[in-house]
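Here is what TrEMBL says about this protein:
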type	residues	note
BINDING	Asn18, Gln79, Gly89, Asn90, Asn198, Glu221, Arg222, Gly232, Thr233	substrate binding site
ACT_SITE	Cys88	active site, proton donor
ACT_SITE	Cys231	active site, proton acceptor
Amino acid sequence: MSVQHDQVPVEKYHGTGNDFIVVDAVESIPDRPAFATAHCDRETGVDHTDAPRVGADGVLFLHLEERYSPPRVVMTLVQPDGSVAAMCGNGARVAAAWAAERTGDDELMIDTPAGTRHAAVDGNFVTVEMGEPTFDPRYLPLDRQDELIEESVEGLTVTAVNTGVPHAVAVVDDVDAVDLEAVAPAVRHADVFPEGANVTLASRAGVDADGNPHFHQRTYERGVEGETRSCGTGAVAVAAVAKRLGLVDGAESVTVSPPGGDLRITVPDDGPATLAGPAQREFADELDLVVRSA
Ligand SMILES: N[C@@H](CCC[C@H](N)C(=O)O)C(=O)O
């Protein structure tokens with residue numbers, strides 16, 4: 001096997017600690033999975049003095065189409081295991097921030113495999129429409145015809161919801177009292193989830209400064225195969241499940257706090273959920289192309 005080492009320009013961004021290498025899709029990277037696996041590695045991956053962590057949670061390949069108004073960005077997230085995710089809430093916020101820097105526009109449309117999402121940028125604060133969360137077993141998908149609401153899966157009581165990607169959400173007393181790396185893999189690979197699931201923990205944390213419901217969140221991500229510092233689809237899943245279980249009134253905004261920061265979520269009765277929070281650029285650099293050939 002030979003490994004080719006040409007350089008490709010990249011940037012690194014994060015949304016509340018969910019960090020991504022960003023590559024303009026005009027760059028030709030023949031082996032995207034190999035590129036993502038190599039540079040996302042938390043020990044040997046991308047390393048820079050202006051970033052707090054080595055590696056990344058994924059590579060966002062972004063194709064900007066400026067001829068539209070608002071401009072469109074085609075977003076493809078390749079994860080550290082080489083898989084492509086249908087949606088990424090924090091990735092969509094990063095994509096909007098990246099495109100806003102290039103175009104000067106504060107409204108963007110983000111095209112994802114899960115659908116087109118409207119984004120609004122205000123400084124480094126980005127709000128993205130996230131589609132309507134669904135509990136429908138056909139769209140999660142589940143390997144059965146009934147919804148999965150507060151049932152034990154591999155010993156964890158979860159509710160299954162799709163917020164662009166599938167999440168198994170467990171509402172617990174204290175997210176930090178759960179050994180997530182120990183309990184999540186069995187749930188993530190459970191037979192009831194034929195395409196796997198992200199595993200998200202939520203615990204009530206009273207109310208935020210504005211008096212809105214506040215939850216703590218931790219998510220073990222499919223594709224990363226580990227816990228991330230933030231997960232946007234997971235934060236929306238927390239709010240959607242809280243609403244479904246009657247823990248919050250659906251009309252209100254909910255603050256969800258993963259380890260990496262605070263996210264503001266709305267899940268209206270009609271219309272798309274929204275996800276809002278900061279998205280920040282860390283640095284620009286060049287990385288080896290990484291093309292493996294047998
Ligand atoms: N971190 C993302 C979710 C990325 C997709 C997920 N790992 C999957 O494969 O389903 C987010 O912010 O939503």
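Cβ from N, Cα, C; glycine included.
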Across the active-site residues (Cys88, Cys231), the Cβ with the fewest other Cβ atoms inside 10 Å is that of Cys88
Just checking the recorded positions Asn198, Arg222, Cys231, Thr233: which sit within 10 A of Cys88 (active site, proton donor), CA to CA? Cys231, Thr233
Other than Asn18, Gln79, Gly89, Asn90, Asn198, Glu221, Arg222, Gly232, Thr233, which residues of the same chain sit close to substrate? List them in sequence order, counting a residue when its Cβ is within 8 Å of the Cβ centroid of the site. Asp57, Ala85, Cys88, Gly91, Val165, Thr219, Val224, Thr228, Cys231, Gly234
Any idea what the Cα distance is from Asn18 (substrate binding site) over to Cys231 (active site, proton acceptor), rounded to a whole Å? 7
Candidates Gly89, Asn198, Arg222 (binding-site residues); nearest Cα to the residue listed as 'active site, proton acceptor' turns out to be Gly89
Residues near Thr233 (substrate binding site) in space but at least six apart in sequence (CB under 8 A): Met87, Cys88, Gly89, Met130, Thr163, Gly164, Val165, His167, Asn198
Does DSSP give Thr233 (substrate binding site) helix, strand or coil? helix
Per DSSP (three-state), Cys88 (active site, proton donor) is coil
Between the two most distant Cα atoms of the substrate-binding residues Asn18, Gln79, Gly89, Asn90, Asn198, Glu221, Arg222, Gly232, Thr233, the distance in Å is 15
